[in-house]
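In what follows, a single structure is set out as structure tokens and then discussed.
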């Protein structure tokens with residue numbers, strides 16, 4: 001266990017490793033906010049967000065203004081029936097109460113924004129209020145990110161210190177007659193321990209910076225306009241408490257999150273299995289990562305179990321989770337409106353894919369359906385040659401509406417919500433098995449990423465913005481193993497580029513390019529720098545030759561990208577040139593090709609994201625982390 005160093009020179013360099021427990025939570029907050037470079041990071045990201053305030057106003061800006069008006073003007077019994085605007089309230093009740101809370105402040109800024117009939121209202125004060133509400137609520141995301149990355153750092157250092165102590169003890173036992181050699185070895189080990197500690201601390205700050213500066217959040221929240229950062233803050237805080245062993249607090253926070261935005265059901269399988277195994281069944285974590293889960297043998301003997309199930313833990317967990325859902329949904333059960341609420345939250349009639357196809361498996365499926373129609377290509381395939389396709393169906397093959405009431409697949413089999421659910425469950429099995437088989441918190445975080453990834457790949461009516469649900473938690477795994485650095489770099493670059501169609505106005509093109517290019521360079525340089533430092537530390541520990549050192553230094557300045565991965569990333573540059581310069585000039589005015597830019601972007605990024613998805617299976621099956 002590493003205690004706080006009173007030396008003022010080290011206050012900004014070494015984070016504090018403290019004991020687990022709920023009482024330490026506020027102390028940990030105080031500790032992470034002591035470091036000057038954390039404050040520099042907060043100032044930097046806040047400045048960027050302020051500079052983005054004049055950005056264009058998307059339809060989501062009006063969506064949230066309308067929700068402010070609905071929740072402030074109407075009783076809760078009418079929230080999910082109000083339809084003056086097409087942008088009806090379709091988030092769970094807790095988010096409605098969040099909008100209600102914001103409306104109390106909005107009233108003093110500009111009360112006109114709270115009038116339901118003021119559709120499209122966007123006064124300067126309204127714009128500033130809504131923009132600042134996102135920036136301020138992001139504080140939870142920033143704080144929770146610093147807490148979790150610092151705690152993971154503590155786990156790694158604590159584990160390494162235990163290993164080094166064991167090695168020192170073995171050396172002392174084996175070399176009792178060589179006192180001078182022992183002293184030299186101990187001094188070298190201490191120096192190497194300090195080098196490793198500084199390296200992990202530097203990487204901890206790098207990972208925090210990469211997550212907090214996430215370009216997806218900047219584009220979606222602070223330009224397009226949503227509150228994803230605030231919700232990600234609740235998610236990370238939930239993971240933080242679960243990893244440190246405060247199971248009930250972590251489960252309550254995740255239940256709260258589900259009642260803010262139901263899309264986080266994508267992660268529910270991983271949370272459910274983790275809580276079931278490590279809190280309700282006779283199973284404990286390794287790596288000393290938790291304090292509340294790991295009990296003494298005497299405590300375990302006193303626990304009341306049936307068929308290996310810890311009954312009291314199961315009851316406590318059930319009461320904690322169900323009480324949150326009762327608070328959220330109880331009023332709607334009482335008013336007999338639960339069916340109306342469900343119809344708003346799960347509008348299956350919207351179709352398989354969004355108008356701009358999310359870059360997933362169904363994008364490729366949709367594309368194949370359209371390609372077969374192009375110039376009657378399907379007639380050359382024996383299975384389809386007798387199909388009769390109406391002319392009006394082939395009028396605009398690049399339109400994005402798929403699987404809705406107005407347009408479905410034409411040649412390939414129609415996909416229903418039941419089919420997407422079945423495929424999703426099948427592909428969830430490996431990640432669930434990984435959590436059940438493992439004894440480490442690392443598998444839990446990877447399970448969250450994999451569960452979200454699977455729903456993103458095969459879910460019904462997935463939005464492209466959901467890619468952020470994968471990149472944010474995956475960032476923390478980069479602290480664990482460099483293999484995740486490569487995966488994160490690829491997924492981050494491809495996934496965040498797939499968000500470009502959200503910022504479609506000409507004025508936003510330089511902004512979106514600058515954000516992604518700057519971030520991609522930051523990630524690449526940060527990862528190769530931390531990899532270089534790690535290799536140098538390993539070289540010192542192993543006393544390798546100078547030739548080996550130089551070779552490893554050369555290798556360290558690379559993420560190990562294969563030639564085809566580099567070629568694919570270069571293709572993104574060519575695709576953006578086509579989208580910005582070629583399509584608007586030569587193809588946009590032709591109805592047949594008016595949406596081809598969106599189609600190509602979706603399909604091209606789908607290929608890369610599917611590749612990253614398969615990469616996660618490799619990590620799971622080979623246990624390479």
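From the backbone N, Cα and C atoms, a Cβ is placed for every residue, glycine too.
From a predicted model like this one, the values you see are computed outputs, not experimental measurements.
Range annotated as transmembrane segment by Swiss-Prot, chosen from 184-204, 205-225, 289-309: 205-225. Proximity of distant same-chain residues to the transmembrane segment (484-504), defined by a Cβ-Cβ separation under 8 Å and at least 6 residues beyond the stretch ends, is recorded for 56, 58, 210, 214-216, 219-220, 223-224, 356, 358-359, 464-465, 467-468, 470-471, 474-475, 477-478, 511-512, 516, 519-520, 523-524, 527, 530-531, 559-561, 565, 569, 572, 576, 579, 598, 601-602, 605, 608-609, 611-612, 615-616, 619, 625. Count of Cβ pairs under 8 Å against the transmembrane segment (41-61): among 205-225, 256-276, 567-587, 595-615, the largest is for 205-225.
Listed by sequence, the residues of this chain that lie at least six past the ends of the transmembrane segment (595-615) yet keep a Cβ under 8 A from its Cβ atoms are 356-361, 363-364, 367, 370, 396, 398-400, 453-454, 457, 464, 467, 487, 490-491, 494-495, 497-498, 500-501, 568, 571-572, 575, 578-579, 583, 587-588. At the 8 Å Cβ threshold, with sequence separation of at least 6, the transmembrane segment (453-473) lacks contact with the transmembrane segment (314-334), having fewer than 3 such pairs. Long-range neighbours of the transmembrane segment (314-334) within the same chain, counting only residues 6 or more positions beyond its ends whose Cβ lies under 8 Å from a Cβ of the stretch, are 76, 80, 92-94, 247-248, 251-252, 255-256, 259, 275, 279-280, 340-341. Most Cβ pairs under 8 Å with the transmembrane segment (509-529) belong to 205-225, among the candidate stretches 132-152, 205-225, 256-276, 415-435. Between the transmembrane segment (256-276) and the stretches 132-152, 205-225, 415-435, the greatest number of Cβ pairs separated by less than 8 Å involves 415-435. For the transmembrane segment (415-435), the list of distant contacts is 269-270, 273-274, 277, 348, 352, 362, 365, 403, 409, 443-444, 446-447, 450-451, 454-455, 457-460, 617, 620-621: same-chain residues at least six beyond its ends, Cβ to Cβ under 8 Å.
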